[in-house]
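Asks: The domain 'SAM' annotation in TrEMBL covers 332-396. For 403-476, the entry in TrEMBL reads domain 'U-box'. The repeat 'WD' feature in TrEMBL is assigned to 50-91, 93-134, 235-276, 277-311.
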Amino acid sequence: MATLIHTLADHSDDVNYCAFSSSCLATCSLDKTIRVYSLNNFSELPYSPLKGHTYAVHCCCFSPSGHVLASCSTDGTTVVWDAGDGRLLAVLEQPSGSPVRVCRFSPDSTSLVSGAADGSVALWNTQSWKLYRSGNVKDGSLVACAFSPNGIFFVTGSSCGDLTVWDDKMRCLHNEKAHDLGVTCCDISSQPISDGEHGFRYFQMASCGQDNQVKLWLISFADFLGVELKYKCKLNGHSAPVLACAFSSDGQMLVSGSVDKCVIIYETSTGNTLHTLSQHTRYVTTCAFAPYSPLLATGSMDKTVNVWQFDLKQPCAGNTVENESKVPVEDWSEDDVSAWLCAQGLAEFVGLFKMNNIDGRELLNLTKESLANELKIESLGLRSKVLQKIEELRMKTISAPGAVPDEFLCPITRELMKDPVIAADGYSYEKEAMENWISNKRRSSPMTNLPLPSLLLTPNRTLKMAISRWLEAHQQ
């Protein structure tokens, strides 16, 4: 299932990090450079290598659109590059001047986080490239970072073993001792799941550390719930410190790389090991899945980056969007559209659609003319193929039952209510969800966050009858 298709051996020292956009792969190294490759044939782009740092480059990342590349270094700076032509756009100096270990763009590209060896965290505005806010972790170096899918929160990992959750105002919301000997990396899946116990929507987070462990967590970022982080399980397999971990774009796989020179790919739903890859001859320092194609990159202290291709048997992320999500197509994000393209066998158009900011509403409005004139798809056959898939999507959208009225959805679970009750805040909730809310010793309203004057729950029979009538009308 995982086949080694290319080995990149251009760096002259340890490879520290690798990152994908929809069309490129970037790698960085102790040799002070960043190299950028085309995913078409893995040839190095004309402007590569990028040389701007005076010391080792520890991390690199693309903005969600793929238009901008950031890199950070022991020299105390985070450098921002134009991913199209390699132009240097900005040099962001860490306020403390400490070596910068990690950098990450927010999902909406409005901010960039940089974390340093002295524990300082800087949040930069990507419009002005000015410092917006800064903070510090309690102890240790900041070595890992991951954003929540909504971009409002992010998690940092430190060398003292803590995972810290921050909001976009740089307020520390939660701190958790995760790994005894230090966190080395963390990642958050973009695909939500239900915890199966209370019906709340969580995201999976992975962390790894010097204690040889990979851990899975459930984390909730709902505004009215606050942040909740709970330990899920440990994934076994490595015999030495684990230096890197990353989710696939559909959340179905997790990859990790270790000092034991092995790369392990897990199935996240079961925790089972799918593959163990052992081609590197020294420590594996980094691993990353491509966002919308079946590619994996792994980098090592052996100065190489291996690129692997998967023969995917399972549906890709687009099936999750189309078949499982309750989000109407017109409300799809650009990432949802990219996932849908992948599911339809149109992954080659992901970069083009992202470049033109095609979201769900834009997707449904595409025509033969706009595909040719605006998106510049020259091949008539390819235009027809794309248009056919869009027409199929339009038909499903038109024939789908009407969207569930928002007042029929429980504010906690966002599911259709079966047994609605009125709480003391005047809002209606699913009875079981609100009882679980109260049983967890919460005494505030899920909607307003204000104290509940009473814990009494009153059946809302009028709403229950309205939901029943709506169900009857839409099940005919």
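Each residue, glycine too, has its Cβ placed from N, Cα and C.
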Asks: Express the predicted model's confidence over the repeat 'WD' (93-134) as a mean pLDDT, rounded to an integer.
Replies: 95
Asks: Would you mind listing the long-range same-chain contacts of the repeat 'WD' (93-134), meaning Cβ under 8 Å and 6+ residues beyond its ends?
Replies: 55, 58-65, 68, 70-78, 80, 140-151, 154, 156, 158, 166, 168-170, 190, 335
Asks: If you run through the domain 'U-box' (403-476) with DSSP, how many residues end up as helix, strand and coil?
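Replies: Output for the domain 'U-box' (403-476) reads 26 helix, 12 strand, 36 coil.
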Asks: DSSP helix, strand and coil counts for the repeat 'WD' (235-276)?
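Replies: Grouping H, G, I as helix and E, B as strand yields 0 helix, 22 strand, 20 coil.
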Asks: Residue counts in helix (H, G, I), strand (E, B) and coil for the repeat 'WD' (93-134), per DSSP?
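Replies: Result for the repeat 'WD' (93-134), in helix, strand, coil order: 0 helix, 24 strand, 18 coil.
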